[in-house]
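Q: Got a structure for you, questions after.
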Amino acid sequence: MAASDAASAPSVPPAPSATPPDPPANNLTETQKQRSVVVSLTPARQRETWAKKAEFLLAVVGFAVDLGNVWRFPYICYQNGGGAFLIPYCVMLLFGGLPLFFMELALGQYHRCGCLTLWKRICPALKGVGYAICMIDIYMGMYYNTIIGWAVYYLVASLASINSVLPWTSCNNEWNTPLCTPVTAPQINPNSSTPAKEFFERNVLEQHRSNGLDYMGPIKPSLALCVFGVFVLVYFSLWKGVRSAGKVVWVTALAPYVVLLILLARGVTLPGATEGIRYYLTPEWHKLQNSKVWIDAASQIFFSLGPGFGTLLALSSYNKFNNNCYRDAIITSSINCLTSFLAGFVIFSVLGYMAHVQNKSIEEVGLEGPGLVFIVYPEAIATMTGSVFWAIIFFLMLITLGLDSTFGGLEAVTTALCDEYPRVLGRNREMFVAVLLLFIYICALPTTTYGGVFLVDLLNVYGPGLAILFVVFAEAAGVCWVYGVDRFSEDVKSMLGHSPGWFWRACWSYISPVFLLVLFVFSVLAHQEMLGGEYTYPPWSITVGWVMTGTTVSCIPLYIVYKFIITPGSCLQRIKTIKRPQETSIPPSDPAICTL
């Protein structure tokens, strides 16, 4: 019996000093004694908290700092005005990303629940937002772990080359084509390809054995095994909750910074590195007049900080009630943005070096996304002295960057469902996590086929890419417009001892929701550009993509309709009831408010 059940039970009268005159009283006393025994044998389990404050901060930083900091920010920075891009980037951080980041940390810490149970205390009708977040995290797990699996494949290939050379150094391998030309050789044929490009496309992915999504081919066993290894690592990070995750983040969150600094120290000493860094930072002020630059800045800030994925809610729900979440939001969001900036120096020092080696301009060398970290950077590493060492630490960095981000997203699903169903799932967390990850791994197997890379891109855009913007808009609107900024500010005051200032209240009330809505509209209009690449997606796949987005977004209105139907009373009474937060006799500061 939970603590709330025990509190609502009738008080037991003191035992009589003499034998009661009639049997019914005897029976009643015996029943009450039995009930008290049940309560004593099944006490409510208190919610765990982080063993150390540093573990929480590392977990949040690890989730926010992911592969996008390395392969996306440097590219959009030089594409959108170099150093001038930092102006819209900081503006969007201040007025859009940071207020939402702070809001989620405060919500999770105050209510101490995941993204499902939370809505019972804010607006029961919007519980569909929680289900939509869970679906987004599951979609993301289906492809993001595959990208980490590619890095594992490279790491194994690098370790196997300790006593030789990296396999993408030359064109003398069985997977190479006649068009393969080493990067240091003159590029006479405009259709020529490099050893690193062919290694990624013809050895790692083997995408030439597929004609796209129409025929993806069979599963590639070695790639499926690498992805399985990723899921195993994720399982042992999640299975014990914050007890296991708190230990893992010391490695997965700190290791990337060690490697980034080592790679930066090596990169700036390469010939041509200065030119690459200059190209990265040289401001082009005229580009700030283009609205696309501001949209790109908003998009980068939003996806980098990661509000709306439920992870910040889940991680902060294990904090102590009086933890200073305001300071945490400032620290972790600043670290995330500075990491992106640092990664730009690491990437562009190497791009400048590659431009120098190939006698090309940086525009001809640079790529965005996976091509940057799986083709261009490995190419540069292959030309360095001690290339095997640099390859090993670089791909270790990619793996650790990806791991804490993926188990952050899956922790959001686990926390949400364990809090919502504490007796069935919460008390059997290890088994539930195993079943959940096995299910996601089976769903991810199509991404390990020869045409899996095309499915990865499709899932990236239509899984979380579009839906998350609408979902987090609904979340912000529910908190700020339905629950109310005044009430939310009082919640924050009860934790921190002071109310949020006018700036935060203005952002939550007006600026952040508008920021999200505008970003969602522009992303929907430009969804085809988000796919990019040389491959043309068949019309049926775009339809499937919109179905994925629809299944996520539709959770919100469908749950509102469901809640309206099952609520008794007149139409007006139903509307008032489904909007009204449920009261609880347990104060939010009580660690047992969300029993596990």
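Using N, Cα and C of the backbone, Cβ positions are placed for all residues, glycine too.
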Q: What residue among C134, C171 is stated in TrEMBL to be the disulfide partner of C180?
A: C171
Q: In sequence order, which residues at least six apart in the same chain have a CB under 8 Å from the CB of S304 (Na(+) binding site)?
A: A64, D66, G68, N69, F73, G97, N336, C337, S340
Q: Spell out yes or no: are there three or more C-beta pairs under 8 angstroms between the transmembrane segment (219-236) and the transmembrane segment (293-315), with each pair 6 or more apart in sequence?
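A: In this chain the transmembrane segment (219-236) does not contact the transmembrane segment (293-315) - fewer than 3 Cβ pairs sit under 8 Å.
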Q: Looking only at Cβ atoms, how many others are within 10 Å of the one on V65 (Na(+) binding site)?
A: 28
Q: Between G62 (Na(+) binding site) and C180 (disulfide bond), what is the CA-CA distance rounded to a whole number of Å?
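A: Answer for this pair: 38 Å between alpha carbons.
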Q: Could you pull out which residues elsewhere in the chain have a CB under 8 Å from any CB of the transmembrane segment (506-526), counting only those six or more residues past its ends?
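A: Long-range Cβ neighbours of the transmembrane segment (506-526): 92, 95-96, 99-100, 103, 295, 298-299, 302, 465-466, 469-470, 472-473, 476-477, 479-481, 485, 488.
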